[in-house]
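Each remark here refers to the structure printed beneath this line.
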């Protein structure tokens, strides 16, 4: 584990001291002598972590931290505040400014390396996701996360402790983000179960537990994919420093020393929850692009690409199992005329409405796609010819049964023409679709608003 | 750092010994007493790493490894072979079976934890990408990587050493994957430069270098995003074990002991290159879904979604800068009739051909999109009305100038109608597009194959 560390302090001897310590452990070090310089270097050089002195002339550490966290180029870089005094007020002010952690001067090696490694490990694990997401955001198809919204979501904290309660957690609820609920658990195995069911959003582990080795619990949580990045806060007393270091090595996200200050607890909980939600946002953005890649944006049906991929799979399965598979091709009648007469907006409205009626007429196992302008394909696995005709007629009635109401209140009669085909031995997807399309063409020739079989 | 380790050995005392060592360091341990059991558990439980005994009745270690690497559910899990004898032949056989590394019995703690941590760190860093990719593969829009193809790609190895050459690398070229070239570098700074330019695919670092601290070089390589996952092989002599452990901690991918066996070197190089290519494949799959999300599959033009995102951005910029912005709406004349007469395939062919002519008629700074069936929109930043008309007329001529040749050899006259509009103060994207669309409508009314201005 190595990392690029930006050391910020207005006093050069302090900078040199930290730089020497870090370089001896093979970290790469950059330095800045003021808040302004730190902000510039952080944006340009993208360090993995910033060690930030609190007391500086000009921009002090709090303000520098706030600006780093507000800048879209630097908000993701963890910031550790380095304070001369171990003052509770400073810690809370720093956390409110968005700092991820604290070190007290003179900086102890163990604490320094534990924090740097733990914070950069997390950053490096999420960097890949972040880079991909930013590519999508640059193209305008993915949105940047709105951090302020994260605080408004409901969250459940699971507190694992032998004690009946953690007073700071209950007292501190005025400081905690809104919509937080706390659940206590004194059985480590039950806690793990709850985590695997995805119940808690954050876990607090009391390192003074005696009923179960709390480090074993940390390890078990971190060893599973599903809970590898779950927020995990350790609580320890001053004489358990070695436990804390070990817990950080095992991947605990953060820790608090007893007696717990409720405001500090609240600030750390908020930081961890934001982080977790940010990862969730990054993950879901991939699912979003995937969805965009296979869905028709206007109608919400699957698109032609997905018809090709999934339809071919269904055809293969049908050949293997010997079960019948049916296809419908559906085309809206006189759509061009409607579009020209009532305008594009009306055309779009009709497409959406017909897609919706189609969706409610087919079954959950059917694959309904928009293949082009006003044309739809439906692949129906495990469906013989008779059932295919039943469903085709259901679609016909669903479309023609009720007039389509336009936004301006006008109503229109809309009908569709349908072609039906059944998978034959040796057919590819394209072949069976083509026969349905030819049958559809005959429906059009014979006066529209009707279902025609490939054999007719 | 913690991980879920699967220990495989037919002798229970061996299993118990490794289990105890690993559990004392807070690893989660699963066990299997045969190759068959190992394969089943690995597929079901998805450990982070497998420690696999070579000598077992039934499936031996080599065959078990081969099957694990051939199974799509387990191929990504690193396998460390545990051999009773430190025989070169076993090592090479293991590497050929796809093993990621070796441990020799009796297993030394330092070597054990160094290997387990290094291999699982890599796996955990790529797990996120892999999970996303698999979601895409399940939907059929992303392809699984074809590992065998990876070996056929060209690769450059950068060997950083004070020596003039590494004999095993030159001698060993018969064992190396085809299309490998080797470059030597004795200046660490130059090596780093080359890496940042993305030149080498794999770096060999000689840990006995004296001109520069080789560990510092490892750290510098790992500290940068761009080279964080680059394959990095260390070469060390037997008396440099401590160096090796430190190098592994800093993130070196693998190591070799001198004297180097050229076949072992070749096998390790192949493993590392495959891994690197696999990550590249995962990364590019995200870019692919992104592309699918913004491109029209048939014509390769941007789609309506991207027009909305990027077009709005261009409109905003134009309002800010005060520079003119123009829009064209383009619609193929009588397309429905062509489609009905010549069939869908001919229709698709015409759409592709017109899209290609459109692309060559507009400029690189213009945004050309297919907005629906046979309709296209072009947003032209920094373009006054006059230039917009010039380009519109160029499109008109590019379409009507040459007949479109269908696949069956028939040729068709195709024309388009075009509407032109210019961004006015306060316009949104939709407003300026709508005016171009209205102008397009007048082009149609007046006989098609012409350009009409919004003001006409």
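Using the three backbone atoms N, Cα and C, a Cβ is placed for every residue, glycine included.
Lifted from TrEMBL, the feature list:
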type	residues	note
DOMAIN	B:4-120	domain 'Response regulatory'
MOD_RES	B:53	4-aspartylphosphate
DOMAIN	B:156-273	domain 'Response regulatory'
MOD_RES	B:206	4-aspartylphosphate
DOMAIN	B:323-456	domain 'GGDEF'
Same chain, 6+ residues apart, C-beta under 8 Å of the C-beta of residue B:53 (4-aspartylphosphate), given in sequence order: B:8, B:9, B:10, B:11, B:14, B:61, B:81, B:82
Residue counts (helix, strand, coil, in that order) that DSSP gives for the domain 'Response regulatory' (B:4-120): 55 helix, 24 strand, 38 coil
DSSP three-state assignment for residue B:206 (4-aspartylphosphate): strand
Other C-beta atoms that fall within 10 angstroms of the C-beta of residue B:206 (4-aspartylphosphate): 19
Composition by DSSP (helix, strand, coil) of residues within the domain 'GGDEF' (B:323-456): 60 helix, 35 strand, 39 coil
